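Now, the feature entries from Swiss-Prot:
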BINDING   C70, C72, C85, C88  Zn(2+) 1 binding site
BINDING   D460, D462, D464  Mg(2+) binding site
BINDING   C814, C889, C896, C899  Zn(2+) 2 binding site
REGION    1387-1411  region 'Disordered'
COMPBIAS  1387-1399  compositional bias 'Polar residues'
Amino acid sequence: MKDLLNLFNQQRQTLDFDAIKIGLASPALIRSWSFGEVKKPETINYRTFKPERDGLFCAAIFGPIKDYECLCGKYKRMKHRGVVCEKCGTEVTLAKVRRERMGCIELASPVAHIWFLKSLPSRIGLMLDMTLRDIERVLYFEAYVVTEPGLTPLERRQLLTEEQYLQARQEHADDFDASMGAEAVYELLRMIDLQSEMARLREEIVVTGSETKLKRLTKRIKLIEAFIESGNRPEWMILTVLPVLPPDLRPLVPLDGGRFATSDLNDLYRRVINRNNRLCRLLELSAPDIIVRNEKRMLQESVDALLDNGRRGRAITGTNKRPLKSLADMIKGKQGRFRQNLLGKRVDYSARSVIIVGPNLRLHQCGLPKKMALELFKPFVFAKLQRRGLATTIKGAKKLVEREEAEVWDILEEVIFEHPVVLNRAPTLHRQGIQAFEPVLIEGKAIQLHPLVCTAFNADFDGDQMAVHVPLSLEAQLEARALMMSTNNILSPANGEPIIVPSQDVVLGLYYMSRALENKKGEGMVFANTSELKRAYDNSVVELHAKVKVRITEIETDDQGLRNKASSIVDTTVGRALLSEILPEGLPFVLVNTEMTKKNISRLINSSYRMLGLKETVVFADKLMYTGYAYATRAGVSICIDDMLIPLEKKEILGEAEQEVLEIQEQYQSGLVTAGERYNKVVDIWSRTNERIAKAMMDTIGTEKVVNTDGEIVDQKSMNSLYIMADSGARGSPQQIRQLAAMRGLMVRPDGSIIETPIKANFREGLSVQEYFNSTHGARKGLADTALKTANSGYLTRRLVDVTQDLCVVQLDCGTAGGLTMTPIVEGGDVVEPLKDRVLGRVVAEDVLLPGNDDEPIVTRSTLLDEQWVAKLEEAGVQSVKVRSPITCESPFGVCALCYGRDLARGHLVNMGEAVGVIAAQSIGEPGTQLTMRTFHIGGTALSAAAIDNIAVKTSGSVKFTNLKYVEHANGTLVAVSRSGEISVLDTHGRERERYKLPYGATINVKDMAEVKSGQILANWDPHNHPIVSEVAGFVRFIDFVDGVTVIEKTDDLTGLSSREIADLKRRGSQGKDLRPLVRIVDKKGNDLTIPGTDLSAQYLLPPRSIVNLQDGAPVGIGDVVAKIPQEASKTRDITGGLPRVADLFEARRPKDPAILAERSGVISFGKDTKGKQRLIIKDADGSEHEELIPKYRQIIVFEGEHVTKGETIVDGEPSPQDILRLLGIEPLAAYLVKEIQDVYRLQGVKINDKHIEVITRQMLRKVEIVDQGNSKFLNGEQVERQRVIDENAKLIARNELPAKYNPVLLGITKASLATESFISAASFQETTRVLTEAAVRGTRDNLRGLKENVIVGRLIPAGTGQTYHSQRRYSSVGLTESEMETLVGRSTSSGTEITSPSKDAIPLGSKVGF
């Protein structure tokens, strides 16, 4: 008994463990957990309320109800500890053992565990190699199964119906064994010899030819291997004894009124016990077979319901028709154990209240109501009251506090002095949603919040609430102060830009004071310094907006780092000069000598942070805010209805538009345009008109005519209140002003299509009834969308966090030479993102050389590029830089600091232990709610711009062709005959300024390397038709042109010219099925010509709907158009935009009709078509051919004889990321994902750093597929964690054996989360049952590496400050010293390169980074 007691005392200490293993419980193990068998279904006695003996709450089995007191009351108190009462059988011990002691039920007949039966793929089915349907028939007593065939012709595991069984019995008497129910399955499982079965399967897999059989065999081998390795036995999947949960985990609570509230589990257990007992009695009475069978089936069903109610058949419901919550339901879903209790816990010492603005707070402060503070800091106050001798006991102190005596407030002031509190606003979408502040006691009941942190919290003061938490321990206070203080979170982790940026009224005030106006009082005065100017302003000698000259003194730092004063007389305004007074030393006056719009203020704060560091910036931000508020108050900006100026030209513009619409209507009625064209054109006209009126309106509102000092009338930016607000970025946008004063424009129907009648009125004029009705359409859709968007965006964030949660910075340098090559992002000729923005804060992977000089590196390998370096690169005209990336990082777990680069929120190299995965997930998920949900239809307002049909240069320079194939036309122009060709404009230094894609068939007006002037047109093409260009000169010969079958002759009514259109396949009838209309180019004698450089004849296959304007036998020259394909058809694809698009990319979903990419490089030719498919052949350099069958409705965008490279698009569509990975490799895949995701966010004006997307891509590429197992233990086609294969291969190579070969696999984020090594993390994410079943069979061990697993087991997370704790635990258990540990963790880089960084934040190597 003593040992038993010690056992429990040991259990009270928290166990120290490094990993958690899950497995199947054997009957012996279940019995060893049990403290007695539960024999009766009774719970408690309704009169005495004491638990029944041997019942579900029995005290003898589960322990006493009161501490150290047996049930009958014979033994009480500590002195009898450990005694078992002979009367009631209760052990005298703590009552809390009722939370940990289990019971058991001995089942009269074995029962299959539903998880291993029904959780697909069925483990029992796989193990026995039987279908689930068959096993269910056996288990639920519908069929017999042969367990031992003996010498009979029957097979083992053969199913027999009742008739077949009786017949077999007659024929073979007792020579064979067959039975039904779980006993039969148990027998079959028990007979399996895993080792010999394994050997048999391994032999079979070598000889098998069928693909499906191979898959099944592989699955079985993996399962049997799992059983062998984990030491589980197959028959343990059948339960012979059922464990019973401790009673305090399924409590029975008395309610007032004599009723009881009970856990559903008790009902489920009662059913099992009742049926089990009845079955025992029936077996004792040897009842008829059919009754016993029925009872056994009912027992099986009740155990199924207990384990997972509703998994099979109808769910068992309670009294109120609600399905009962089974054991499986307890752990899964949002309300389950994992997500409700382990990952989300309630916190003590917290409060919540409404927030109000605190404009006089400093950035690190928040106002805390006195009442709230007193409650939160109670324990500290009690302690201090006692220490001061104001109260002798805690009780006394409590009384003092309750009475709110005067001294209590003094002590509260002392207690909260420099004790940070943590504020949080739900939803916490990124780490800026929780920040620490120093409390300031205030009257009232609302929390005061500093206005500058509102952006980070996404808070406003329209009734938002926030929660306050108190960090108690010293470490917690330290972390709150050092890491979470609002002053330490100035930059956003998503893009490294300041998040502490003034908004709204502050911006308005700063903008107002920095505006310059003509002819104001005091214009032209000169001041000796700002204080003189301030005197003049205070005495109303000059006005705030007057243009004056002032002597400004600045501090400049020279090359040697010495600080010198420099004075100069500057043209400025009174307001800007006043603003310069709050400018910290070291910031140039130029930064404020401009209109202070929101963008400029952000730039100012950013420069301050980079140039002066954190402390100065925080002080400066506060000063900016105070100044902004002061001048906003003085400005007294207000709006009235007359501020909405309606442009005079509006009437005229509307008249013109209505006239154009009428003309199109007439054209439509006379049949010149189709309904679709008419609709598109009308929508186009109104979009254009809206733009014109809006422009006129902005000109009217934005400028005013004034008289300057010379008496001339000049235009100046107006001080119209509406315009000021929009222009400064304080509130509103030109779009909204357009609705107020120009016209509302086109409205959208709920399905995303556009209503073609626009709302011509604006809000000032007021809407007509019809217009109002039309506008409710779109408005209501907007509201509905927002509601749906929030849920979708939250789910995306959850998946992202789950896939990256275990990714931290684990070492300084992994020593890889790999990386990604960064180039500027160019769209439609404009550089959307210059190179400097893309490489800022990254580490260079290989030396960057000066363009045109290969000996002199500008930047050496392993340099962290900060602002200064990036400026140098830009000066030198570097066009591409290879930088380290998380995708190519070779750290076994996590990433290394150099591959990650700069910590965007701190501005220096990332610290060890930073949880970069979660930060990436938050940065991508947080703006999710700003993305749209809708799918754009082509030709909506989304793309209402007119089609582009030429390239006009924006800057002068020289032209460079890239990847461009072209032929020279007789008239001297060039015609493009390639698809991936690009044309760039370089400046005098050879830097690329613009880049454009050239479509096939474009006419190019310049030669390579020619000089061009700004505005010159380089190339033009027909945007509505795709031409087919002849590459040889000769004569046209039509092949398979049959009038009325393959071609339709059309004559234009207006011009009288005839053209031939190739008929659609569906219209051709039977005789035209095998005809392939094509145009062949022949010489004078009629011999075929070949395309230069190939042996293919010059012939062009004509797709349906293409139009030929030439006659048979007509001459063609090089570069002439043989035929054209109208482009309307292919462009009706919807563009999935916004959130769904981002989700599709991260889930790596294949698009509906994916683009078909060339499987290899070679020359295109077309083979014989099959039914409904076209045959495309690629012949590579060594003459081998690759065939591709393509459905007829797909648009092939390559022609006969064209040369394609591997991975190039040959059939139009959205490329599938899997294809890009397979054909082009990891780097192009990364580039594709980053580009596509960034496009969506860029459209919404959201900036996210590329590296966050790369971090997620890294997690999507964690697995590899084995293509050749070599001598490894992996199976072909198996998906394995990359690191495991690398480790295994290293061992094999060391033993001189064949390593496994593998290909990378791209998994979507949901799949990747579920395929993680940690089963705890996967189970708490989704599909809990499936994950746990799989893990139990495998006997998986969870090494608790990620953040989630550690939160669940209640430990510090292995990131940030918790990483030190973890590494110490790990190494102290191995017995390493501190210095040995340091070398292991890798403080120095493995490749011996030093990180250089010219900024003052340089980190010397060998120093501890971070905390």
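Backbone N, Cα and C atoms are what each Cβ position is placed from, and that goes for glycine too.
Positions of the features from Swiss-Prot, shown on the structure.
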residue: C70; record: Zn(2+) 1 binding site; contacts (Cβ under 8 Å, 6+ apart): A59, P64, K76, V83, C85, K87, C88, T90, E91, V92
residue: D460; record: Mg(2+) binding site; contacts (Cβ under 8 Å, 6+ apart): C454
residue: D462; record: Mg(2+) binding site; contacts (Cβ under 8 Å, 6+ apart): none
residue: D464; record: Mg(2+) binding site; contacts (Cβ under 8 Å, 6+ apart): V354, I355, R425
residue: C889; record: Zn(2+) 2 binding site; contacts (Cβ under 8 Å, 6+ apart): C814, T816, V895, C896, C899, Y900, R1258
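It is C814 that, of the binding-site residues C88, C814, has its Cβ surrounded by the most other Cβ atoms within 10 Å. Ranking the binding-site residues C72, C85, C899 by other CB atoms within 10 A of the CB puts C72 at the bottom. All protein chains considered, the CB of C896 (Zn(2+) 2 binding site) has 25 other CB atoms within 10 Å. According to DSSP, D462 (Mg(2+) binding site) is assigned to coil rather than to any helix or strand. Within 8 Å of the Cβ centroid of the Mg(2+) site, not counting the listed residues D460, D462, D464, the chain contributes I355, A459, F461, G463. Secondary structure at C70 (Zn(2+) 1 binding site), as computed by DSSP, is coil. Neighbouring residues of the recorded Zn(2+) 2 site, listed in sequence order and excluding C814, C889, C896, C899, comprise Q811, D813, T816, R884, P886, T888, E890, S891, V895, A897, L898, Y900 (Cβ within 8 Å of the Cβ centroid). Each of A59, L71, G73, K74, Y75, E86, K87, G89, T90 belongs to the same chain as C70, C72, C85, C88, is absent from that list, and has a C-beta within 8 angstroms of the C-beta centroid marking the Zn(2+) 1 site. Secondary structure at C814 (Zn(2+) 2 binding site), as computed by DSSP, is coil. In the three-state DSSP reading, C896 (Zn(2+) 2 binding site) counts as strand.
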